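Q: If you look up TrEMBL, you'll see B:6-29, B:41-60, B:80-98, B:110-133, B:145-163, B:184-203, B:215-239, B:251-270 marked as transmembrane segment.
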Amino acid sequence: MAQMGFYVDTSKCTGCKTCQLSCKDKNTLPVGVNWRRVYEYAGGDWVQHEDGTFSNDVFAYYVSVSCNHCAQPACAKACPTGAMHKREEDGLVVVNDQVCVGCRYCEMACPYGAPQFNPEKKVMSKCDGCYERVAQGEQPVCVESCPLRALEFGPIDELRARYGSRADVAPLPDPKLTDPSLIIGTCRNTRLTGDTTGKIENPQEV
Amino acid sequence: MSQLSLVFFTVLAQSAVGLFISLGLVEMLARPNEQVMTRSFMAVFVLLAIGAIASVTHLSQPLRMFNVMFGVAHASPLSLEIVALSLFGGAGVVYTAMRLFGIAPGLQKLVLPVAMVLGIVLILAIAKVYTLATVPTWNSNWTTFQFLMTAAVVGPLAAAALLRFQSVDLGAVQVLADKALATTVLMTMAISLVGYVGYLFWLGQLPVAVNPLAMLSYGQMLAMVRMVLLVGGVLMFAVSAMRGGSCGYQAATSFVMVLVSEFMGRAFFYDIYLSAGSGM
């Protein structure tokens with residue numbers, strides 16, 4: 001089984017949210033349901049120097065996150081019906097919406113906010129890695145629409161060989177919790193998981 | 001107040017277990033009037049049934065509720081919770097039916113403790129659902145402690161109220177059972193209160209991005225009202241029991257006060273949800 005996953009380059013991402021919107025458009029997602037979300041993580045303060053002058057150390061960067069199709073998905077483990085499951089062929093985590101009871105337990109368990117309740121269908125929904133597009137040799141719609149080419153999708157082993165395996169970037173949780181199929185390309189402002197100097201600046205959007 | 005269905009389900013299921021165990025202990029230690037106890041045991045299933053209905057209202061697709069059994073295959077905590085609920089409910093109903101129809105009195109003595117143990121198993125199974133490594137504010141033994149204490153404080157009061165309403169048929173056993181239940185609930189209240197303070201301290205020092213105690217604007221007020229209701233409810237009953245009182249309405253009021261206090265504590269528990277992803 002080739003585990004598929006995403007690479008997100010935060011040094012390229014400008015927070016334009018084209019990935020978020022193209023995903024929403026392709027999957028006809030209702031208001032409030034965003035399978036891909038772009039977190040704006042920012043912080044900083046005024047710093048006083050020895051000569052009494054001040055300068056600031058403000059920083060900000062964007063992290064585009066969908067489902068990370070984790071090797072140990074907390075959502076699938078929690079799901080009482082098996083509707084949330086990991087596909088054998090590509091390791092993508094998808095929901096069988098004919099089985100889901102809409103208990104939202106997967107939503108509680110996932111630390112990435114990936115499973116989201118669809119109020120129209122009354123079942124859980126989430127990024128499925130656009131597996132139908134991928135089967136036809138295309139890329140997921142978020143990857144293809146990114147104007148900065150900040151996203152990549154493919155076998156996670158190949159992506160790790162190219163970009164390393166860093167995924168412990170704020171505001172993401174400790175990757176040890178679920179072993180996400182995600183690699184974050186860092187930028188000069190990158191803060192690591194557990195950082196308390198910054199916060200998510202667009203909580204209403206995500 | 002984001003998970004009211006679950007607030008009602010968990011508190012009522014745990015209260016039902018507490019009531020069953022309290023009645024079981026009265027039955028085993030005092031051997032009171034048979035009919036009174038049978039009627040009292042039936043009340044357990046009223047609480048459990050209301051809790052079960054509340055749990056079904058939590059599902060967005062209630063007609064598919066039996067799908068939750070599929071998760072037993074991969075040991076989903078929620079599926080195991082439903083199995084535990086069925087086992088406790090089943091054993092309890094069997095025991096009560098055996099009493100009602102006078103079936104195998106010898107075997108009843110075995111079924112009762114088995115059902116009581118299954119009640120504890122149910123509470124542990126409910127706690128397991130919420131001890132998620134990805135939810136730091138829930139991922140501790142404080143979750144198990146709180147769920148057990150709900151049973152421990154509500155159960156004796158519910159039992160006391162039921163027995164007081166039937167005190168005419170109970171005779172001398174009534175005063176004995178009343179005092180024993182009052183002593184029990186005074187002790188469990190003390191443990192519950194000390195634990196609650198410990199839990200709040202633990203929450204306050206969690207190494208997470210957001211201070212959980214600062215998340216809720218009403219948190220402090222709720223904690224205070226909760227403690228006042230708990231202490232007030234228990235003391236009202238205990239003082240009366242120690243004086244040999246037998247007013248059913250008084251015990252029922254204590255039961256309602258403590259039940260409401262547990263609802264408030266559980267609403268706080270659900271609202272304090274914080275994902276390991278800095279609130280992602």
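Please read every residue number as a count from 1 along the shown chain.
Glycine is treated like the rest: Cβ placed from N, Cα and C.
Please treat TrEMBL annotations as automatic predictions, because they have not gone through curation.
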Q: Could you tell me whether the transmembrane segment (B:145-163) and the transmembrane segment (B:215-239) have 3+ CB pairs under 8 A, leaving out pairs under 6 positions apart?
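A: In this chain the transmembrane segment (B:215-239) contacts the transmembrane segment (B:145-163) - 3 or more Cβ pairs sit under 8 Å.
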Q: Can you name the far-off residues of the same chain, 6+ from the ends of the transmembrane segment (B:80-98), with a Cβ under 8 Å from a Cβ of it?
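A: Here the qualifying positions are 13, 17, 20, 38, 41-42, 44-45, 48, 52, 68-69, 72, 104, 107-108, 111-112, 114-115, 118-119, 121-122, 124-126, 128-129.
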Q: Within the same chain, where does the transmembrane segment (B:184-203) have neighbours whose Cβ lies under 8 angstroms from its own Cβ atoms, ignoring anything closer than 6 residues to its ends? I mean 6 or more beyond.
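A: Non-local partners: 22, 137, 140, 142, 145-146, 149, 152-153, 156-157, 160, 212-213, 223, 227, 230-231, 234, 237-238, 265, 272.
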Q: Residue list, the transmembrane segment (B:251-270) vs rest of chain: Cβ under 8 Å, 6 or more residues beyond ends.
A: 1-4, 6-8, 10-11, 14-15, 130, 138, 143, 146, 150, 153-154, 157-158, 160-161, 164-165, 196, 216, 219, 222-223, 225-227, 229-230, 232-234, 236-237, 240
